[in-house]
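Enquirer: Handing you this structure, nothing more for now.
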Amino acid sequence: MNKKQIYILATGGTISAQGDEGKTLGYTNGVFKLGSIIKTLKGIENISNLDGEQIFNISSEDMCIDKLLILAKRINELSKLDSIDAFVIMQGTDTLEESAFFLNLVVKTSKPVIITGAMRPATANSADGPNNLYDAIVVASNKDAVGKGVLVVFSDYIISGRDVQKVDTFRCQAFNGKEFGCCGYVHDDIVNFINKSLKPHTINSEFNIDNIKSLPKVGIVYFDADLDSDIFDYYISRDYKGIVIAGSGSGMISKRWKNKILEMTKNSIAVVRSSMAEGGSVDRDNLDEEYCTIPAYTLTPLKARILLSIALEKSNSYDYLKSVFERY
Ligand code: DGL
């Protein structure tokens, strides 16, 4: 069997962290660099050849859109090389779901792109980084991962970049694919794909960021029944082009917010309604016609922010943005 050439892009996060011997709390991110992390993987040389780079060394809280643009462009550039078969990205888990969806929308390759990380620092007794990284490389090396879009491999699961979400603050099984489930699992060197996301991604998405330097600003506003609509003035004054509301229930908002939202949509600020609820969908509602809002369907507020920002770069037409949220 020809071993696959896997290119690893390390960005920091707990997978690179050092803490008190054996402990899981109070660690420092980014202490262990890519080279020393790879050395901890036993038997990986039988699976694939590894190369890579330390593209950033940050906590994932600092993985802003400008950094994601750099990461996506780097993957797009490297993916043209015949000498690379697949990519593995290591990053902090806190914003991993946003990176996964962003890359899923803008990376232009059908080569596997797998993201992983760790919930426990490398020095913890229960360090999960080596196993997650090993699994990510195994999945990246598997022919069935080709053309599946960006995937997250974490605690033995393979989860689509579109649906993955972080669901725990300290347990190792910290990610799931919402009620849509996972795409499959990895167990040592066995990779078993069971489901796939049918939403457009990578080479089939209409978004291309290669010549783009920055994206329109989009903010998330978390609803509560007492929150004054003046909260939106901040975003308006800072030239935000879009707002995602994390609404109650099926993306609902108070009377006191509605006039402000109409004022914003009339002034070409796109407003997307998503939900703070964990499951279900925010579907079309009469509200949308009346206030020119856009339902986020099954996208969480975090994912809706990413999609809105990328789509706004193409057009701020209401009909276009509405159709993007229907399709992605
Ligand atoms: N500071 C967090 C980050 O980089 C660590 C979280 C993690 O990697 O689990 O996202």
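Backbone N, Cα and C atoms are what each Cβ position is placed from, and that goes for glycine too.
Just so you know, TrEMBL annotations are computer predictions that nobody has curated.
Grabbed the feature section from TrEMBL, which reads as follows:
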ACT_SITE  Thr14  active site
DOMAIN    6-196  domain 'L-asparaginase N-terminal'
DOMAIN    217-325  domain 'Asparaginase/glutaminase C-terminal'
Enquirer: Can you tell me the three-state DSSP label for the residue listed as 'active site'?
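Expert: Where the residue listed as 'active site' sits, the three-state DSSP reduction gives helix.
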Enquirer: My understanding is the cutoff is Cβ-Cβ under 8 Å with a sequence separation of 6 or more in the same chain; which residues meet that for Thr14 (active site)?
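Expert: The answer is Tyr27, Asn29, Gly92, Thr93, Gly117, Ala118, Met119, Arg120, Pro121, Gly129.
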Enquirer: Residue counts in helix (H, G, I), strand (E, B) and coil for the domain 'Asparaginase/glutaminase C-terminal' (217-325), per DSSP?
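Expert: Helix/strand/coil tally for the domain 'Asparaginase/glutaminase C-terminal' (217-325): 47 helix, 23 strand, 39 coil.
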